[in-house]
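Colleague: Quick one: this structure, given as structure tokens, is what I'll be asking you about.
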Amino acid sequence: MNIKKWIKKSIQKLSHVDNPKFESELLLSYVTKHTRSFIISSDEIQLTEKQYKYLNHLIHRRSLGEPIAYIIKEKEFWSLSLCVSYDTLIPRPDTEILVERALSKIKSNSACILDLGTGCGAIALALASINSNWNIIGIDKSENALAIARINASKLNFKNVTFFFSDWFLNIKKKFNIIVSNPPYVSKKEIKFFKKDIFFEPLSALISDNNGLSDIENIIKNSKHYLFYGGWLMIEHGWRQKVKVQYLFKKYNFHEIESYQDYGGNDRVTIGKKYDK
């Protein structure tokens, strides 16, 4: 079977996903080791029997709801190709808002930045790609996730980012200009209404107690001990949590509190500045 016919067949099997043609091309790229642009321009290429069988196996996995990123073990974030696994959340485009906000507040060429709950390292590595002089630390309490983050840093050859184990601030011994975090913020009640593909991701990185606010409050409460005077805390949160998150920033004496929307127009990131010493 040639690529063109296989894509047509695959689109029918994946008719329930948002972009079946795009995902079919990604799977072809993964199996044939050709770029997606090459596949698009060379649709008469014949698949081997081995490739055909493997592609059908992958299509079956995708039809059951498994995210394409886990199938091809890769996800693009901030134009970086990142390895992902079942131990890491899949980076979302909306999290790039967190990176953009951090970039807008970094004033020093030698800034120190902490990424709490780094997962595959997406936020830390995006920031590391901007300025090699910045000192960036990413922490996580999952050793398996940290292994993926280190693989990504090595693959990208970034020398200005370090990943190590810490349960939030437990093993942090220094202060930072910027602290960023995409923590668990989904409540146990909410999770049941999500699409089924979310259940392939590590629930410990998604669900938080106290209606999704437990980890957020923990970070806001304790981060002031790890920020320099004038430092910024930036947190991603649920689209209906802005008011409560802003309240927590005020409760723990942050200033210049602002919230920002994601690409879909939903409240997604809140930031605050430390003024007290």
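Note that Cβ sites are derived from N, Cα and C of the backbone, with glycine treated the same way.
Worth saying up front: this structure is predicted, and the values here are computed from it rather than measured.
So Swiss-Prot lists these for the protein:
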type	residues	note
BINDING	G117, T118, G119, C120, G121, D140, W168, N182	S-adenosyl-L-methionine binding site
BINDING	N182, P183, P184, Y185	substrate binding site
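Context for these features, please: burial, neighbours, distances.
Modeller: In the three-state DSSP reading, D140 (S-adenosyl-L-methionine binding site) counts as strand.
Long-range C-beta contacts of N182 (S-adenosyl-L-methionine binding site), restricted to its own chain and to partners at least six residues apart, with a cutoff below 8 Å, comprise L89, T95, L98, G117, G119, I123, I235, E236. The secondary structure of N182 (S-adenosyl-L-methionine binding site), as reduced to three states from DSSP, is coil rather than helix or strand.
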Colleague: Whole-number Å distance between the CA of Y185 (substrate binding site) and the CA of W168 (S-adenosyl-L-methionine binding site)?
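Modeller: Per the Cα atoms, Y185 (substrate binding site) and W168 (S-adenosyl-L-methionine binding site) stand 14 Å apart.
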Colleague: Other residues with Cβ within 8 Å of the Cβ centroid of N182, P183, P184, Y185 at the substrate site?
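Modeller: Other same-chain residues with Cβ inside the cutoff are G117, S181, V186, A205, L206, S208, D215, I216, I235, E236, H237.
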Colleague: Name the secondary structure element type, per DSSP in three states, that contains C120 (S-adenosyl-L-methionine binding site).
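Modeller: Once the DSSP labels are grouped into three classes, C120 (S-adenosyl-L-methionine binding site) ends up as coil.
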Colleague: Taking G117, P184 as the binding-site residues to compare, which has the smallest set of other Cβ atoms within 10 Å?
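Modeller: Each of the binding-site residues G117, P184 was scored; lowest Cβ tally within 10 Å is P184.
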Colleague: What's the most sparsely packed of the binding-site residues G119, G121, P183, counting other C-beta atoms within 10 A?
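Modeller: Each of the binding-site residues G119, G121, P183 was scored; lowest Cβ tally within 10 Å is P183.
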